[in-house]
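Everything on this sheet refers to the single structure shown next.
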Amino acid sequence: MKSFLFCCLLGTFLAIGMCLECEVCMQPGKRCNGSMMTCKDNEDTCVMFQTEVIRAPLSFTFTSKMCSTSDTCHLDYVETNLPYELAVRSRRACCVGDECKTMPPVVLEHHDNRYNGLHCPGCIGFGSHECNEKLVSCRDTENQCLSLIGKNFDFVADDITIKGCATESLCSLLQKKIFSAIGEFDLDVKCTPVFPQSSQ
């Protein structure tokens, strides 16, 4: 009986000590390579995502890998539409262990990105929590008005404010603070239902 209890306790300690490791990187293009990083206790999956920043006719694509939580894996596509004809969209995929070594690169499919008749107040401001709003037309499945205030963004500005249209999936990801692996910054995220232009 004692040996059985000892084995159970040993197994528990070993399980606790086995931390997940994920490759972490962020590079231009459709692939990226980085070093392995031990994930936090609450992070139980690795995630790879391809992101496209669009300001027609130009676009910029980069690929990222990091630790994440499995409760966000179903949020595999996110999109936002901002002022100045700026749009950002991303496709995500989760993996664990050897699966990450054989998983094909994430691919962002081409789509028409059509307007859906909904609108949100939008603005982009650096170095301030406020910015001059203008009406932004939403596209595709964007049905949320996003308001994001970031603090301690040392690599861009101390503070940043972003408002525009967003998908529900993007709101959920931002509210779960999934970007903690990239840097130590604070995000205040609020999302509200979009409104038709006729209501303005």
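Positions of Cβ are set from backbone N, Cα and C atoms, glycine also.
The signal peptide annotation in Swiss-Prot covers 1-19 and is backed by experimental evidence.
As annotated by Swiss-Prot, disulfide bond applies to Cys22-Cys46 (among others), with the evidence given as similarity to another entry. In sequence order, Met36, Met37, Cys39, Glu43, Cys46, Val47, Lys65, Met66, Cys67, Cys100 constitute the residues six or more apart from Cys22 (disulfide bond) in its chain with CB-CB distances below 8 Å.
If you take the C-beta of Cys25 (disulfide bond) and look for same-chain residues 6 or more apart in sequence within under 8 angstroms, you find Cys32, Asn33, Gly34, Ser35, Thr63, Ser64, Lys65. DSSP assigns Cys25 (disulfide bond) to a strand segment in the three-state reduction. Annotation comment: Swiss-Prot describes Cys25-Cys32 (among others) as disulfide bond, evidence class similarity to another entry.
Secondary structure at Asn33 (N-linked glycosylation site), taken from DSSP and collapsed to helix, strand or coil, is coil. The N-linked glycosylation site feature in Swiss-Prot is assigned to Asn33.
For Cys39-Cys67 (among others), the entry in Swiss-Prot reads disulfide bond, with the evidence type similarity to another entry. In the three-state DSSP reading, Cys39 (disulfide bond) counts as coil.
The disulfide bond annotation in Swiss-Prot covers Cys73-Cys94 (among others). According to its DSSP assignment, Cys73 (disulfide bond) is coil.
Annotation comment: Swiss-Prot describes Cys95-Cys100 (among others) as disulfide bond, evidence class similarity to another entry. Secondary structure from DSSP puts Cys95 (disulfide bond) in a beta strand.
Secondary structure from DSSP puts Cys120 (disulfide bond) in a beta strand. Within the same chain, residues at least 6 positions away in sequence whose Cβ sits under 8 Å from that of Cys120 (disulfide bond) are Leu135, Val136, Cys138, Gln144, Cys145, Leu146, Lys163, Gly164, Cys165, Val194, Phe195. Here Swiss-Prot flags Cys120-Cys145 (among others) as disulfide bond, drawing on similarity to another entry.
According to Swiss-Prot, the feature disulfide bond maps to Cys138-Cys165 (among others). Mapped onto three states, the DSSP output places Cys165 (disulfide bond) in strand.
Around the Cβ of Cys191 (disulfide bond), the same chain contributes Gln144, Cys145, Leu146, Ser147, Ala166, Glu168, Cys171, Gln175, each under 8 angstroms and 6 or more positions distant in sequence. Annotated disulfide bond per Swiss-Prot: Cys171-Cys191 (among others), in sequence order.
For Cys95 (disulfide bond), the same-chain residues lying six or more positions away in sequence with a CB closer than 8 A to its CB are Thr45, Cys46, Val47, Met48, Met103.
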